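Asks: Structure below; questions to follow.
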Amino acid sequence: MLKKNIVLTGFGSVGREFIRLLKEKSEMIKQNYNLELRLVAVGGRDGFISSEEGLNLHILSESELGSQSLSDYAHNLRIPLTSSYVNADVLVEATPTDVGSGEPGFSNMITAFHNRMDVVAISKGALVAHYDTVFEVAKANKARLKYSAATAAALPTKDIGEISLAGSEIVGIEGILNGTTNYILTCMQEEDLSFEEALRTAQQKGIAETNPDLDVKGIDSACKILLLANDLLGTRYLLEDLSIQGIDAITKEQMAECKRRGSKFKLLAKALKRDGKVHINIAPTEISSGHMLFGVDGTNKGIVFQTDTMGAVCAIGGSSSPRGAAAAALKDVINLYRDHEFN
């Protein structure tokens, strides 16, 4: 059985869910993939807790979110908080996203690559801000990088484009890539709410953040389509190169008119090949019942790939939750090492 040691940076909601999944799925992963995954370090603002024998998943999975819980773990188990971690095989990067600087994820990933570790990125910031540099450093150190969790969490957007559509030319990508904004738009349409009322509902249910700007202003959707276009369409755009419009300016009157026409507003992120260039646009778009994404409501997401040989390929669903994002990261870890018996 192949044994792989994991370092996790970031002990927020997604990081903790990743630990819970490791705990729940460890036996299944051993049986199905002949793979033993062991969490040997977790890092937060104040440093790392580490153990070569593996950290206690039960304690961590029941801990409060944040770096203080890592300090408490170190104190209670009488181990030091350190500035570095023990030797490991793969870093799972789950720190908060900063799409401007890419930090702290960028530094965490570069350090891991220099240590000849593979990386699974949940955080989008480093890839959005430093796409080429990240891949250059990974290649120079013969390390691998997976980041499907950063391109719509549990919806397997990147996997479909890279694997299922191999041999086809992707000429366009169109997606509802943010579950929060889709939920808000659904509430506005179905319950005749204003944007502000629908946002409050989403916040009360824990769907929207206290500061929802990354979602409602279209930035999160833009980051995801940017990464997909860079990977699948060969672009090298930065966030400032894109046309981005959020949903916060949509009025009740506009929504009512749309509804009367039998249509829906969706925040669509598009990357389309045209005239030898890839054009990327993120904006609320009125779609009719014939559109493949018309039935994608609530927190669901969806994506359509337009290809030269396979036609239009659509995928819908994927949990928009910390658990869904963590599950995508676990999938990436498994897929890094699942074929070891044949290598």
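From the backbone N, Cα and C atoms, a Cβ is placed for every residue, glycine too.
Pulled these features from TrEMBL for this protein:
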- K224: active site, proton donor (ACT_SITE)
- G10, F11, G12, S13, V14, G15: NADP(+) binding site (BINDING)
- K124: NADPH binding site (BINDING)
- E209: L-homoserine binding site (BINDING)
- 10-147: domain 'Aspartate/homoserine dehydrogenase NAD-binding' (DOMAIN)
- 162-334: domain 'Homoserine dehydrogenase catalytic' (DOMAIN)
Asks: Quick one: among the binding-site residues G12, G15, which has the most Cβ atoms sitting within 10 Å of its own Cβ?
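Replies: The residue with the most neighbouring Cβ atoms within 10 Å is G15.
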Asks: Only counting partners 6 or more residues apart, tell me which same-chain residues put their Cβ under 8 Å from the Cβ of V14 (NADP(+) binding site).
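Replies: Expected: A94, I122, A149, P322, A325, A326, A329.
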Asks: If I restrict to non-local contacts, at least six residues apart, and a C-beta distance under 8 angstroms, what lies near K124 (NADPH binding site) in its own chain?
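Replies: When sequence neighbours closer than 6 are ignored, K124 (NADPH binding site) has T97, V99, Y147, A150, D220, C223, K224, L227 within Cβ distance under 8 Å.
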Asks: Determine which residues of this chain, when G10, F11, G12, S13, V14, G15 are set aside, have a Cβ within 8 Å of the centroid of the NADP(+) site's Cβ atoms, and list them as they appear in the sequence.
Replies: R16, E17, F18, L65, A94, T95, P322
Asks: Sort out the sequence-distant neighbours of G10 (NADP(+) binding site) for me: same chain, 6+ apart, CB within less than 8 Å of its CB, listed by position.
Replies: G43, G44, E93, A94, T95, P96, I122, S123
Asks: Looking at the binding-site residues S13, E209, which one has the fewest other Cβ atoms within 10 Å of its own Cβ?
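Replies: It is E209 that, of the binding-site residues S13, E209, has the fewest other Cβ atoms within 10 Å.
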Asks: Roughly how many Å lie between the Cα atoms of S13 (NADP(+) binding site) and the residue listed as 'L-homoserine binding site', rounded to a whole value?
Replies: 12
